[in-house]
Amino acid sequence: MAGSTAPPPRIGVLALQGDVGDHTAVLVGLGAEVIGVRRERELSSIDGLVIPGGESTAIATLARAVGLIAPLRDAIAGGLPAFGTCAGLILLADRIVDGIPGQQTFGGLDVTVRRNAFGAQIDSFETDLTVKALGPDPVHAAFIRAPLVAEVGRAATALAALPDGTVVAVRQGNVMGTSFHPEVTGETRFHRYFLEQVTARAVTR
Ligand SMILES: NC(=O)CC[C@H](N)C(=O)O
């Protein structure tokens, strides 16, 4: 903001496993201050949280090992803006199918997500998507052993779908998730959109 003296938003990237560096690079490029989150105490100093892509089962197992599941769940339920890509979307979903037995999520999105819904790693693909919330230019999206949103609950809103209607991006208030990885294709508008939500919340607090 021109003439603004507000400090940059401080964004935590959950740094247990996954493409932490890709998200960090995009966020830093957009002017955010970024810290890696590995401990509960780090949650109290951040204005927003990004959950990277990677392997949701591994991230959940590590989060449990460091005692982060309940603190993350509480922080997100308490209004901490959160943005997850791929495995991050899975971890933000209230419900998952094709998880491993007992797989936990942090929740925040009233959706059911199906893991590995497009097949194996080798079936990964890239495509252009229309995302109205981000303007007219298509988003180039990379789907890497990606989940899909099988059901959008009443509290959540679809942001993007594949041509066959499969929902691949959702938002619910301050929580947003994408099946794909904008952070690996040079796409910055999702992160920008997220930072706008973070800043708007900081201003109204
Ligand atoms: N690229 C990704 O984040 C893949 C997600 C992974 N298949 C999972 O279930 O967690």
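Just so you know, the numbers here start at 1 and follow the chain as drawn.
Note that Cβ sites are derived from N, Cα and C of the backbone, with glycine treated the same way.
Given the structure is predicted, the values throughout are model-derived calculations rather than measurements.
Listed features, source TrEMBL:
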- GLY54, GLU55, SER56, ARG115, ILE144, ARG145: L-glutamine binding site (BINDING)
- CYS86: active site, nucleophile (ACT_SITE)
- HIS181: active site, charge relay system (ACT_SITE)
- GLU183: active site, charge relay system (ACT_SITE)
Expressed in angstrom and rounded to a whole number, the L-glutamine site built from GLY54, GLU55, SER56, ARG115, ILE144, ARG145 spans a maximum Cα-Cα distance of 13
Residue among the recorded positions GLU55, GLU183 whose Cβ has the most other Cβ atoms within 10 Å: GLU183
At the Cα level, what's the spacing in Å between GLU55 (L-glutamine binding site) and GLU183 (active site, charge relay system), rounded? 16
Using the recorded L-glutamine site (GLY54, GLU55, SER56, ARG115, ILE144, ARG145) as reference, state which further residues of the same chain have their Cβ within 8 Å of the centre of those residues' Cβ atoms, listed in sequence order. GLY53, CYS86, ALA87, ILE90, ASN116, ALA146, PRO147
Quick one: of the active-site residues CYS86, HIS181, GLU183, which has its CA closest to the CA of ARG145 (L-glutamine binding site)? CYS86
Can you tell me which of the active-site residues CYS86, HIS181, GLU183 is spatially closest to GLY54 (L-glutamine binding site)? Compare CA atoms only. CYS86
Find, for the listed recorded positions CYS86, ILE144, the residue with the lowest Cβ contact count at a 10 Å cut-off, counting only other Cβ atoms. ILE144
Candidate recorded positions ARG115, HIS181, GLU183, pick with smallest Cα gap to the residue listed as 'active site, nucleophile': HIS181
Could you tally the C-beta atoms, other than its own, that fall within 10 angstroms of the C-beta of ARG115 (L-glutamine binding site)? 22
